[in-house]
Amino acid sequence: MSKNYHIAVLPGDGIGPEVMTQALKVLNAVRNRFAMRITTSHYDVGGAAIDNHGQPLPPATVEGCEQADAVLFGSVGGPKWEHLPPDQQPERGALLPLRKHFKLFSNLRPAKLYQGLEAFCPLRADIAANGFDIQCVRELTGGIYFGQPKGREGSGQYEKAFDTEVYHRFEIERIARIAFESARKRRHKVTSIDKANVLQSSILWREIVNEIATEYPDVELAHMYIDNATMQLIKDPSQFDVLLCSNLFGDILSDECAMITGSMGMLPSASLNEQGFGLYEPAGGSAPDIAGKNIANPIAQILSLALLLRYSLDADDAASAIERAINRALEEGIRTGDLARGAAAVSTDEMGDIIARYVAEGV
C-alpha cells in the first residue's frame, strides 16, 4: 500500500488518553508489518479542551479532523465538567457537533462474544456456548429523534406530547447500502428490523430495503419486527450477522447487543458519512473512577482502530490482523482486571504491548 493516510487522534478525558496510547502502539505495529504510510495528529476534545481552550470542541480540532482521512476518538466527560450548561459539557458539546459537522449518518456497533469469555455473558450457558458475532448498523440522523412536528401543548387533562417518525427514501437507501456492504465483509446476511405491521415509516423502510437488496444478490436478506428481534437476541443471538435498524430501533438493539457480550470494555463503534469518512470510538464511557490507574481495558479502543482501518482506509488485512491478535491474547487467558474474576490481571500498558507484539508477529 503506497497511499499516504492521516488520522486525527482525539484522546479526550478519563481513561481516553491511556487506552488511546495502546491503540497507537498497535497502529505502529500495523504500519511496520503492512508498510502503510499513516501519520497522526493529536487534538484536544471534551473536558481536556475545556480546560485548555475554554470549549469542548475548539476550531483547531475541527480543522484537524477535516484534514484527516478518519478520526480516532477516545472518550469524553466526567464529574469535573458536570456543572456546566448541558450544551457546553464534553459529551453534548463535542461528540454530537462532530457527528453533525461531518454528516455521520450511520453507526456501526459490533458485538462479539469472544471464546473464553462465555462466563461474562448473561444468557444461559447453552446459548452462550454457541457464541455470536453481530454488527448493528443504525441510522443516526433521521427518524423519530429528528422528525417534525414534535413538542408539548395543552394543559390539565388535555396536555399532550408528540414526536414524529419521518424517513425519506434517500435516508433508507444509504443506510441499507452500508448494511449490505458490511455484510459482504462478514457472513453475507442482513436482518432488517422494522414494525411494518403497524407503522407507515416501517412499510416504506421494508419496501426500500427490498429494492436495495436486489443490488446485492450474494447477501441474504431477512426482515424481523422489532419486538420479535429483541426476543430473538436473547433466545439465539448466533442467528444474526448484520442488523439493519432505524434510529430508534438501533438505539435499543445496539445496547441490547452490547449487554449480552458481558463487557463494555470490548465494544468498538464507528460512525460514517457517505464519503467513507468516519469517527471511531469505544462504546463505553470515560470511566473517570479508574483513570490513571493503568487498569482500564484498551481492547475497545484497539478494535475501534481496526474498524477505522477496515472502513475508512480499506485495509481489511490490517484490521483482521488486529482482531486475530486480540483473539490470541484472550485465548491465552490474558485479561485486564474487568475480565479477570480474581485471576492474575495485566495492566492497560501490558495488554497494549501484547496485542501490538502479536500484530507484529502475524499470529
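Residue 1 is the first one shown; counting continues down the chain.
Note: Cβ is positioned from N, Cα and C throughout, glycine not excepted.
Between the candidates ARG138, ARG184, ARG186, ARG187, Swiss-Prot assigns the substrate site shared with ARG99, ARG109, ASP227 to ARG138. All protein chains considered, the CB of ASP251 (Mg(2+) binding site) has 17 other CB atoms within 10 Å. Distance noted between the C-alpha atoms of ASP255 (Mg(2+) binding site) and PRO90 (NAD(+) binding site) is 21 Å. Counting in whole angstrom, GLY78 (NAD(+) binding site) lies 23 from ASP251 (Mg(2+) binding site) by their C-alpha atoms. The binding-site residues in question are GLY78, PRO86, PRO90, and the one with the fewest Cβ neighbours inside 10 Å is PRO86. Counted within 10 Å of its Cβ, the other Cβ atoms near ILE295 (NAD(+) binding site) come to 18, all protein chains included.
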